[in-house]
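*Asks:* Quick one: this structure, given as structure tokens, is what I'll be asking you about.
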Ligand SMILES: O=P(O)(O)O[C@H]1O[C@H](CO)[C@@H](O)[C@H]1O
Ligand SMILES: O=c1cc[nH]c(=O)[nH]1
């Protein structure tokens, strides 16, 4: 398949002289030619995303090591002055923190998608490396998402635009997900599976937990809900998959969601891991995605 530059889906961008990517504090001057942005970011092939700044810093360090790009220099957060998100660049990979949930991630995603367009990146791939609650799987299992399900158990993302309900399909790129899984199976010593992912608007009631500040349902209601999820092929619950898959699909950019499960929600609600277990679990998506990136860059 020939590589292509992301066009996105907004005709108004063509009419803009400059575009200030406010939350990542990157000023795109003369956005139609944007030679400075092209020079700085034109080599980007992978945009990795995850909730926290520390995890994305650790990912950047890890990638620098396995891609043999460690030149001894300090890793710099390009967007530190934006005071919102962290963005690290390691050769052809950006590692960006997005915070908790769809609304914070969508702001970053819009700006990063525009960045790769202005920089004329060739067929960039967006991958989220996250944590999640498992549904009927052993904690530590890594789930590569097939389809996203919203809180109404529908395979779509709903967003209010100009006072109207706009519904978009929430599917990840099938080939990318299969390639990630195939690579993972050849080198990972833990379970990596493909499954559907529910994205909730809330960590507590939205995920059917019994331990939030409010809860008006019974344990039996919760278990029935989780059972319904399981029957739809949902193997993990997090808070971004539907927005992430639907926006990237809508603008024609390939994306994947690779999340480790911190607990099995059929057995409880609280995340009770030691620091070491959490670090070990968080490392797993790094290795799944890192090895995939390494092999893609080597042309395999
Ligand atoms: O581990 P990260 O990437 O932060 O993602 C998961 O963790 C957060 C909730 O604790 C949500 O954002 C959820 O999607
Ligand atoms: O249960 C969990 C664990 C991590 N992140 C979530 O959104 N849910």
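Cβ atoms here come from the backbone N, Cα and C positions, even for glycine.
Marked as phosphate binding site by TrEMBL: 84, 128, 129, 130, 131. Here TrEMBL flags 207, 209 as substrate binding site. Sequence annotations record features per position, and here TrEMBL assigns domain 'Nucleoside phosphorylase' to 45-290.
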*Asks:* Under 6 Å from ligand 2 by C-beta, which of these binding-site residues make it: 84, 128, 129, 131? Sequence order, please.
*Replies:* 131
*Asks:* Please report how many Å separate the Cα atom of residue 84 (phosphate binding site) from that of residue 207 (substrate binding site), as a whole number.
*Replies:* 26
*Asks:* Where residue 129 (phosphate binding site) and residue 209 (substrate binding site) are concerned, what is their Cα separation in Å, rounded?
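*Replies:* Spelling it out, the Cα of residue 129 (phosphate binding site) and the Cα of residue 209 (substrate binding site) are 23 Å apart.
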*Asks:* By the DSSP assignment reduced to helix, strand and coil, which category contains residue 84 (phosphate binding site)?
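*Replies:* The three-state answer is coil.
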*Asks:* With the phosphate site defined by the record as 84, 128, 129, 130, 131, how many Å span the farthest pair of C-alpha atoms?
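*Replies:* Largest pairwise Cα separation, rounded: 20 Å.
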*Asks:* Report the binding-site residues (84, 128, 129, 130, 131, 207) that meet this criterion: Cβ distance to the nearest atom of ligand 1 under 6 Å. Use sequence order and write none if nothing qualifies.
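*Replies:* Checked binding-site residues vs ligand 1; flagged 130, 131.
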*Asks:* Pop the Cα-Cα gap between residue 207 (substrate binding site) and residue 130 (phosphate binding site) into the table, whole Å please.
*Replies:* 16
*Asks:* Count the other Cβ atoms sitting within 10 Å of the Cβ of residue 209 (substrate binding site), across every protein chain shown.
*Replies:* 19
*Asks:* I'm trying to understand the geometry here, so how far is the Cα atom of residue 209 (substrate binding site) from the Cα atom of residue 128 (phosphate binding site), in Å to the nearest whole number?
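*Replies:* A Cα-Cα distance of 24 Å.
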*Asks:* Roughly where does the domain 'Nucleoside phosphorylase' (45-290) sit in mean pLDDT, to the nearest integer?
*Replies:* 98
*Asks:* If you run the three-state DSSP split on residue 209 (substrate binding site), which class comes out?
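*Replies:* SS state of residue 209 (substrate binding site) = coil.
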*Asks:* Any idea what the Cα distance is from residue 128 (phosphate binding site) over to residue 207 (substrate binding site), rounded to a whole Å?
*Replies:* 20
*Asks:* Restricting to the same chain and to sequence separations of six or more, state which residues have a Cβ under 8 Å from that of residue 207 (substrate binding site).
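*Replies:* Listed in sequence order: 133, 198, 200, 237, 265.
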